[in-house]
Amino acid sequence: MSRKPCCVGEGLKKGAWTAEEDKKLISYIHEHGEGGWRDIPQKAGLKRCGKSCRLRWANYLKPDIKRGEFSYEEEQIIIMLHASRGNKWSVIARHLPKRTDNEIKNYWNTHLKKLLIDKGIDPVTHKPLAYDSNPDEQSQSGSISPKSLPPSSSKNVPEITSSDETPKYDASLSSKKRCFKRSSSTSKLLNKVAARASSMGTILGASIEGTLISSTPLSSCLNDDFSETSQFQMEEFDPFYQSSEHIIDHMKEDISINNSEYDFSQFLEQFSNNEGEEADNTGGGYNQDLLMSDVSSTSVDEDEMMQNITGWSNYLLDHSDFNYDTSQDYDDKNFI
């Protein structure tokens, strides 16, 4: 069921109230009191709607209404309540005694809204205008890609930093420096090993030519260029450095140029005797009257002797003393 309208629209006056209409309404309410707004227009002799009479009395003609300018405290209360409640003027009017909701609404629209805009505050959200008015600009500025930056600025842009505000690429640079140092020290070590190999080649060549002095030990040649730095590098990069050093010590003790057992001339004589025996079995091919003792060490062809160095190395590897030393070092290594 719909509510019955308070009055019929025919013949009703609209618009501003006159002073005569205000006197009739005030005199009737003083005699009969408030209430019954539907019947008041007929009883008071007014051609107005009952709602219009009620609002005129509540907002203007009521004697306890406070009129005049709003104080600074009242303005602050209205602003704070509007930020939390919005446009609920009747609720705001309850916190301002003797102020009507209609008067508060009119004062907000005519004064307070303009005051907030002048201070740079949005009257709807009560936040700074710069915070809400430029969200698109902030999103565009925050979404600038690194490709749009100039090359000079992109070089100066630091990478992602860690929790202690230090760039992460510092750790990668330090690791690269360590790897470069290790590789450089490794190359130095390999160069020294190559130098040792060349010195061993010169020693064997000198033994073939017979120019090697018998008083020069092999251990002195091995220890000439090994400094403390090379030993430290060997310990750092070779996990079996101690075992290899043990093998070298045994080689120093067991292998000597002065030892007649490892004399290269005897090896050549034995090699020639073996070839002579093979020639006897096969029916010749070599001159049996030729003896190695008749050939001096200085008359031996150097090119042919260098080809037989492989045989000399095989002789060392097949020798019983050398095999015993290497096997003992292998057992010591496994024991460790």
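Placed from the backbone N, Cα and C atoms, the Cβ positions cover glycine too.
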37-61, 62-86 - the range that Swiss-Prot marks as DNA-binding region: 37-61
Chain residues outside the DNA-binding region (37-61) and at least six past its termini with a C-beta under 8 angstroms from it: 6-7, 11-13, 17, 21-22, 24-29, 100, 102-103
